[in-house]
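Trainee: To start, I am sharing the structure in question, which I have written as structure tokens.
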């Protein structure tokens, strides 16, 4: 079975599966009872093709700024083509732009826009940005002119007065996209009715009603037909209820995935708001890794590079500046930082239209879903064969009787009803035999786990990540913010040859006697060479914005007595190169008040120190950096690092006149200002979580850009670095050959001073060469390749950029390593729960098939009627999935070794339990069929009905007790924690109650008769005996 599944359904991976592989397995699953239900949570490949077509069209329409007069005719043809691909609005707007360019038509806003206090309408704004119309932009007075027409300020932003905000919304709309409406409950009822076998049974029920009423009158003749109808309705409504609850869970999770906050200026103050609250006129601040939240225009910024591939499919980045100011919603800031004016929002943007289609394309199916679809298909074919043979045997039995009686040419209504019953039984065998619930149980279990994981601070973006995380063998974790708290403070500084405690500055900024010149250049460096800001909040309190590292250094600058605004106003920033994890440095070029230029840089201590040839001495004088000074500074760096401090070096360089701002900031010839040591404490509980991973067979590796000594100190504190483990630096790692890496990587526990490509190389080797299942954490834009390469990409929810989050499979909302361990535990729980359900359902499949087939062949009748089989199908399908696929995880799961890449969904242990239990149940049913009348002393005309009721009741109780036994596949104690799973107890209780009702009160519809207490006791006993049998089976070694 496993080799067949791997060969035919194994091409679908946890992520990045080819479209060909996704189409191939669908073709193999040709025998499906209800395609609407089976393929509900799979990717819509046709919608994906539409998305690609839209991106190609976007690429074409955005490739030229505007069309000149000579291209008007050709352009009108393009408009016609765009109309065919739902681009009417954009085409008309750009066409209007071309005509205005040719004829110089002036713009006059509609009256409603004027009355609202604005001077430009939404369509005009859209034509400027989407058409990249520089001439029209200049005609409106540039960015500043548009800001005025939008009644906003590029410095203070829009007013938040409620009536003004509402007026703005009425004219320009809101930043929301059309989403697929939530399906109502009745839609799920209708989809559940699409089951082919249920439809056939419904036809049988109608015919049975018609013939029965003619033959026996009302109401007696209607019992069989109404029984089937009632059973169908029960199956449909229970199925629909389960599916509807799942859809609501997925809807809630989708809302969480789309939560993105941005920094805006409103009423002159900075604040964070949801992208859905953005309005035209808003001033948005974007940094590297952020998503552009709406269409807009560049106001100011440094080295801004935009990745438009998500919108156009074009991988070539776009440089955005005052000459090329156009920004499109949904694109990403690849490098630099900028401030933008929002012009167009929501469905007026190209991203809005793309998102409307994207919302319908669905998530990739998971490998487990695909494999279990394969299992369902194989067993379905077997079930179909048995159903046909069973029907043929029963019909042959009826014909034989009629031949013996000589009445083969005389057919009565009773004969027709009997044939109909045979056909209904054959169809119901298919209902029971096709384990439609297998792939759907995966979805149910994943939906349950995803909802619970959300409560545990983990947002799952892709379904497959849940099950894959359960197989993880390696976790490559960042240090900062994941293993540590990410609450950073400067605790030590080495300035002018002296090491001082930063706490001394809190009491008095002059505690460390710095020369005026040294203090001046230090504060200039801190407040200008930063990606953060010091702002005043609504209540006039000072607030520091930026990354934890930037916040720590800015806070240190304030402790030194510095004034952020004063320093910023004293000099003009000519060029800024933001921090990049590849360069491990950031730099800024300043134009000084006296007209000179000065460059500042900061970054990894060893790298910046290597770029210095001078240093500020204890007197504040600039002196050459000799060997003794280098050794002293290097020793200071090592001392700080051994105390688990992050070290940063600050330096500056006087730039000669004539330097072009288009040239990169110099990388050498700097003067060292000083070294700061930043404390970032280890998170509570990390050491225990690492120990749990080790006991679970999961290797934890630290991959960090920090100094090697800092990395060692933190790794030891976390319990990651153990005896015999290797610590390596990125530059050394890069020099190794393929053979050396294969031998070295299994022993690496810490990689320091690593670049994003080092992390990518490590992950690739672990996955491909060593066949490990790898989980990787990341927070920066440059981590995207490693997150994409890994089996499970884990992005940080607090420190992570939008680019990192989009590349990830799971977002760790609290940036805590302990949450990653919780995700692994839930992943294992999902995998184990699915195996439990598969074991339970396959047992019912096998027994139901063999019992009905063998009975039909040997006695000419099936002991289980269509109504009874439908009830059994619901017990093993929807109710069984609810009971077993929603078991919460236990701590014991983390004491097992991981399944790894080559794990089998149906293990040998499961086959042992399935076959052993199936044999026991078959023996019980067959014994009752052959000896039941003698054992219970059944005589008279109702003896057959009573015996069949006993067989049906015993069969159901066998399934109930087997459901309990299936809670553990290898452990004998199956009752541990059973009362903690309310769903399991509720399903078991409701099944038991309804079974009593069916036997005692619904006999006319279900072909049953009330049983005595003795008969009930024996039925329950037969079911209960399956538990010691299951326990004995678990003692057989596999």
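Just so you know, the numbers here start at 1 and follow the chain as drawn.
Using the three backbone atoms N, Cα and C, a Cβ is placed for every residue, glycine included.
Got these off TrEMBL a minute ago, pasting:
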type: DOMAIN; residues: 139-213; note: domain 'Cation-transporting P-type ATPase N-terminal'
type: TRANSMEM; residues: 66-85; note: transmembrane segment
type: TRANSMEM; residues: 196-215; note: transmembrane segment
type: TRANSMEM; residues: 221-241; note: transmembrane segment
type: TRANSMEM; residues: 378-399; note: transmembrane segment
type: TRANSMEM; residues: 419-449; note: transmembrane segment
type: TRANSMEM; residues: 982-1004; note: transmembrane segment
type: TRANSMEM; residues: 1016-1036; note: transmembrane segment
Trainee: Quick one: find which recorded stretch in 196-215, 419-449, 1016-1036 has the most Cβ pairs under 8 Å with the transmembrane segment (378-399).
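Mentor: By the under-8 Å Cβ criterion, the transmembrane segment (378-399) pairs most with 419-449.
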Trainee: Mean pLDDT for the domain 'Cation-transporting P-type ATPase N-terminal' (139-213), rounded to an integer?
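Mentor: Per the prediction, mean pLDDT sits at 85 for the domain 'Cation-transporting P-type ATPase N-terminal' (139-213).
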Trainee: Could you put numbers on the helix, strand and coil content of the domain 'Cation-transporting P-type ATPase N-terminal' (139-213), residue by residue per DSSP?
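Mentor: Computed counts for the domain 'Cation-transporting P-type ATPase N-terminal' (139-213) are 46 helix, 1 strand, 28 coil.
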Trainee: Cβ under 8 Å, sequence separation of at least 6 from the ends of the transmembrane segment (1016-1036): give me the contacting residues as numbers and ranges.
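Mentor: Same-chain contacts beyond the flanks: 912-913, 916-917, 920-921, 924, 936, 950, 953-954, 956-962, 964-965, 968-972, 974.
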